[in-house]
Each structure stands twice: as structure tokens, then as C-alpha cells.
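Features reported for this protein in TrEMBL:
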- 99-147: domain 'PHD-type' (DOMAIN)
- 298-349: domain 'PWWP' (DOMAIN)
- 623-658: domain 'MYND-type' (DOMAIN)
- 376-516: region 'Disordered' (REGION)
- 551-573: region 'Disordered' (REGION)
Amino acid sequence: YFLHTQMQSTKRSALPIRVHYIWDAIDRGNTGAQGPVDFERLMSIVTSIHKLPRDEINRELENAMKDQLVVSDVIQTQKREETEIYKLPDRDFTKGDHDWYCFQCHAGGGGAVVACEDCPRIFHLDCLPDDKKPQKDLFVCPPCSLMTTKPSLEYLNLKPKQLNTLLEYSCVRFHDWGASFLNSADGKLWATSSGREVKDEWRYEMLVYFPIDLTQMLEKARTTKYTCLEEFQIDCETLIHGIGVYFGSEQLKGQQVTAAFMREVMHDIQEIKLCPDCFRRSNEKDHLWWFCLPCATPHAVCWAKQSGYPYWPAKIMKKDGSKFDVRYFGGNYERGMIDEKNIQPIDTPLSSLRIRRTAAWNDAYDELQKFQEIAANPEKVNSLPPTKGSKGASPSKAGATSKARGSKRAATASPAEEVTQKKARKSAGVARKSAPIQTSTPVTGRARKSVASGLNSSVTANSSSVQTNGVTLPTKKKTATPKASGSTPHRRDSTSRNLSTSPTTAGRSRVLPKDESLDVTETLDADDLAFINAFDELGDDSLSGDAYFSDEEQDEHLDKVSEDAVSSSVNETSGSRNVYVQTNVSGLTGRVELIRENVVNYLASLKKRHAQEISALKKKQWCYHCEREAIYHCCWNTAYCSIECQQLHWTKEHKRLCRRVRRDRSGTGSNSQGTDDY
């Protein structure tokens with residue numbers, strides 16, 4: 001390509017992060033009692049703090065002076081010698097028509113830069129891809145080229161209001177991260193986030209050309225200002241550019257918040273491009289079966305197998321060569337890139353897949369069946385109940401709606417979570433019952449076991465919910481006939497045995513209101529009614545004692561406590577609801593005691609570590625002049641960190657007080673007090 005010489009310009013040459021170092025040294029020197037900062041003192045401060053070579057600091061200082069970011073002046077010392085001192089720049093300056101730093105690498109210098117014809121962005125020639133480099137005397141930067149073409153509008157058929165609603169979901173989620181430098185383009189917040197003081201707020205305007213933050217982006221989305229995904233992407237890149245300039249490019253790498261922010265932004269943009277309906281529903285979740293609702297662009301379903309897990313029902317989001325991007329039914333609806341050899345058609349017989357059914361797999365399979373039912377008959381969508389309080393939820397309320405459905409999301413684990421949740425289900429009862437259980441109407445073990453066994457054999461109750469230690473436990477309709485041995489339920493929530501820890505059915509079952517009681521007399525025979533009435537006539541006087549379970553007794557009492565919860569739900573009309581309340585209270589009390597114990601242990605370790613640090617500090621020597629760690633010993637209580645501090649303190653007062661014993665020419669020892677040399 002042919003580049004006209006007038007297109008090339010040189011903006012700021014100094015690296016912004018190194019300019020911060022120089023400003024810190026000048027500010028620190030001016031606050032001391034040693035007067036203005038000269039070259040040697042500036043070098044001493046920067047090298048001691050940041051461990052940089054003197055030649056690099058000298059080069060950055062010259063560049064900063066050329067960029068007018070550092071002001072120099074010549075003064076006369078007390079010895080009438082001229083010396084050059086350095087000051088902070090003038091706060092009143094003209095920004096100019098273009099940015100000062102490369103939009104790609106966020107740095108200055110490095111040779112010539114080219115400025116965009118349509119916006120204030122500049123780029124190093126080496127930072128531009130070959131197809132984006134300027135031709136002759138015209139240069140349009142990649143962001144402006146992207147805004148001109150707007151490729152997302154070709155295949156994304158969304159109205160402006162719909163598009164901005166989706167972008168608002170992303171902005172709200174990123175805003176909730178709580179990163180102040182992302183949320184607010186405020187110089188004070190950026191200064192404190194970088195470990196500096198509020199008075200350094202002027203640095204933001206001095207370094208960042210484009211002031212933008214998530215709050216402004218959120219307001220643009222709420223006022224329907226975005227016209228395409230590319231505009232949102234460029235705003236995010238502009239925010240990242242400001243962070244890279246102010247905090248340094250290292251802040252944009254690895255596991256830093258800003259690096260995660262840009263990854264999540266591109267992920268959200270890709271998700272919106274793949275399927276706007278899936279992205280919207282995953283944020284709104286206005287149905288318990290939201291993952292089963294049809295999209296404008298239908299998704300094919302398949303059986304996908306990850307290594308170490310059985311075949312799992314999944315939606316095909318896209319196909320990339322021999323790789324399938326799928327999203328699993330159930331659990332947290334996780335994503336996976338699966339090889340074509342591990343994909344089977346959805347009509348493949350289950351017997352040929354050799355699937356070992358688990359509770360999580362059954363729930364995922366139920367969602368698949370619901371998806372297929374709705375696909376065959378879309379009118380069934382109208383019969384699905386919306387999640388309470390989430391219909392038409394705005395993006396700002398999406399987080400609360402998501403928490404309301406947390407039980408269902410955690411119920412059906414995807415392949416990557418099944419093993420963890422399987423172990424959790426086995427130990428959930430023991431963990432929740434580890435604290436002492438106190439009841440307002442205590443029941444003896446024999447009576448409690450008799451009631452539970454009698455009710456479990458014949459009770460028929462309408463669908464209801466029981467809450468035990470924060471977990472909603474549903475009770476489904478049961479027949480009065482005895483349970484056949486070896487029968488297996490089609491769903492986890494179809495029998496009373498599965499009431500202990502079933503968050504899936506908890507999310508889908510109806511919670512019984514406080515003013516609504518169970519009418520169990522209609523479904524109990526005469527013997528059962530007589531048994532319950534005899535139990536109620538025992539009264540509180542004949543029942544005493546609190547139930548405490550030790551670690552050795554937990555396994556023995558786990559099934560009994562679960563049956564007690566079911567018995568208590570059936571006897572709500574007779575006041576047994578207090579059992580759950582006290583169980584919840586005792587469980588929370590145990591958690592509070594555990595937290596209190598952890599806090600006490602943490603404070604003890606903190607005090608021990610603090611004492612160790614104080615002991616280590618006492619063993620060190622400190623500079624008598626500037627109080628940094630000393631490396632030069634002078635006399636019995638005086639040491640210095642550098643020769644500069646030693647000389648300054650010697651001429652100031654230590655010359656008269658030094659108790660260091662020195663040898664004169666005669667070989668006799670003498671005190672140096674009163675001498676004029678050192």
C-alpha cells in the first residue's frame with residue numbers, strides 16, 4: 001500500500017502506566033520536607049518502588065516532557081547552583097481532535113500512527129491487520145468500518161426495542177459485578193481503584209479520551225439508542241480501551257475482571273446472534289418450562305454424549321464442521337462442543353443408548369418430552385403457568401426472577417453436575433439434621449415412628465407442599481392400597497419416599513397457603529382416624545423432651561425424621577406445623593453457631609499472624625530519615641536506606657550526635673561527635 005506522509009502523526013510517546021509512576025514520584029516528593037523533586041531524587045523514588053532501570057525511567061521522563069505530561073523548571077539551590085526540577089502538568093489543556101493512544105494496544109510511541117477520518121481513534125500501523133491498513137491517503141478504522149456495514153442486521157430480524165431489551169439484560173448483569181471502574185467513568189473512583197488518592201482524579205481526563213461506562217451504556221439501552229449489536233460491541237471496546245490506558249495493558253489479561261468482561265460481552269453477542277429467543281428467555285425465565293418453549297428459528301434436538309457421562313438430551317444451537325454446539329436439557333442448561341461421532345438422532349431407541357437412568361436424567365428427559373409436546377402442538381404454551389411475579393419481567397428484575405426459580409434450575413443436573421448433585425442428595429438429609437432439632441410439641445420416638453408408619457401405608461392427600469429446612473417438599477396423591485414391592489415411579493415426585501430432597505418437584509408443585517388446611521378425613525378409613533385421634537388425645541403433658549441427634553445416630557434417624565415431616569404435614573389441622581418451624585429455627589441456630597465458631601477461629605489466626613508480622617518488623621532496621629527499610633548501619637540506633645538519606649541526615653543533625661567510634665591516625669579510638677567529616 002502507499003501511505004501518504006501527511007497521514008502519519010505521532011501522538012503521545014510515553015507509556016501511560018510509566019507516566020503514573022513519574023507522577024507518583026513527583027507527588028510523593030512534593031509532600032515531603034525536602035523541597036522540589038530534581039532528577040536524582042525522582043530516579044531514586046521510582047527505582048526503589050518499581051524496580052525499573054534508570055535508562056528506562058530517563059527515556060519515559062523525556063517522552064512525558066515531550067507529551068507535556070510533566071513540566072520542568074530550572075531553579076537555583078542554596079549553593080547558587082542551577083538544577084532542573086519536575087512538576088505535575090497543568091490541568092487546563094486542549095484535548096485535540098484525536099485520541100492520544102492506539103486503540104488496539106492502548107499505548108503511545110512505537111512509531112507513527114494513523115488517525116481515522118470518521119472518528120477520533122488512532123492506530124499503530126503494526127497493530128492493524130493487513131486488510132485494514134490504509135490505502136493511499138484514506139483511512140477508516142475497523143470500528144467505523146464495522147459500523148458502516150452492520151453485518152448483524154442482515155440475519156438478525158429484531159426491532160430496536162427488542163434489541164435494546166436484550167442488551168439491557170447484559171448491561172444489568174455486568175453492572176451487578178460491582179466493579180467501580182466499569183460502572184462509572186469518574187476520576188475519583190478510578191483513582192481509588194488504582195490505589196491512589198481522591199485528589200488524583202485529574203489523571204482520568206488527562207489520559208482517557210473517551211469517557212464511557214456501563215451506566216451510560218445501560219441508559220442507552222433503556223432509551224432505545226442502540227441500532228445494532230456492533231454499536232454495543234464498540235462501546236464495550238471503548239470502555240476497555242480507557243481501562244487499558246489508565247490501568248495498563250496487564251489489567252486486560254488472564255483472569256482480570258476486564259478480561260472476563262470482554263469475554264462475556266462477546267459471548268452474549270454471539271448468543272444473541274445464535275438465537276435471540278433463547279437469550280431472552282434465559283434472562284427472563286417467565287415459565288418453569290422456559291427451555292421447552294419454541295423459538296422463532298426452530299432448534300433440532302439430539303442425544304449428545306460427553307466423555308464420562310451417558311447420552312443426554314440437548315438442543316443443537318449450531319454446527320461447526322464436525323463439531324456440534326449443544327445446550328443440554330436440565331440442570332443449569334450447560335453448553336458443550338461435541339464431536340459428530342458422539343451425537344445420536346433423537347429418535348434413537350433408549351435401549352440402544354444403554355442409559356443408566358438417574359433422577360437428574362429423568363428430569364432432563366421430562367423437559368425433552370415437554371419440548372416435543374409443545375413443538376407438536378404450540379397451543380399448549382398458553383396452558384403453561386408463568387412463574388409467579390415474573391410475567392413481563394423487566395431486565396432490572398430478571399435477577400430476582402432467576403432466584404425465584406433457583407430450585408428448578410438446581411434440580412436437574414446436566415452431565416457435568418450429575419455426580420456432584422448425586423452425592424449432595426445422599427448427604428443432604430444428614431447435613432440438614434446435624435443441628436439439634438427442637439419441637440414445640442415433642443414426640444417420643446416410638447409414638448413418632450408409629451404415626452409415620454401408620455400414615456405412610458394408607459394416607460391419600462391432595463397435592464401440597466411441606467417446607468423442611470428451607471426445602472419445599474411436595475406430597476403427591478397416593479392410593480389407599482398398600483405399595484407393591486419393587487415398583488418404580490416414573491417421576492421422582494410420584495411417591496412419598498422421594499419427598500426428602502426433591503428441588504425439581506419443589507419448584508413445580510404448589511405451596512399450600514397458611515389459611516388452607518388439608519382435609520385428610522375424607523381419605524382415611526376408620527382405623528386410621530381412630531389411631532390419629534388417640535395420638536392427639538395424648539396431650540403435651542405425656543410427651544416431653546427434645547430430639548437431639550449425635551453424629552453416630554444421624555444415619556439411624558434420617559429416615560425417621562423424613563417420615564416425621566410427612567406426618568406433620570398431614571396433621572397440619574391439629575397444630576403440628578410448629579414442628580417444621582422449630583426444625584428450621586434449630587437448623588439455622590446450628591448454622592449460626594458454626595459461623596460464630598469459624599469467626600472466632602479466624603480472629604485467633606489473624607491475631608497470631610499479626611503478632612508474627614510485628615515480631616518480624618521489630619527485627620528489621622529502619623531508615624532514620626525516611627523510615628523505609630535500612631541497609632546501611634551508622635551507629636547504635638541509626639541506619640539508612642540509601643546514601644542520599646545518610647548524607648541529608650548527617651548534614652541536618654546527625655553530624656553532632658553520631659556515636660560511631662572512629663580511629664584517628666594515632667590508632668586511638670575517638671568519638672566522631674563534633675567532627676566535620678563523615
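Backbone N, Cα and C define each Cβ position, glycine as well.
Annotations in TrEMBL come from automatic prediction, not curation.
Remark: secondary structure over the domain 'PWWP' (298-349) totals 3 helix, 29 strand, 20 coil, with classes taken from DSSP. In the domain 'MYND-type' (623-658), the DSSP tally of helix, strand and coil residues is 15 helix, 8 strand, 13 coil. In the predicted model, residues of the domain 'PHD-type' (99-147) average a pLDDT of 86.
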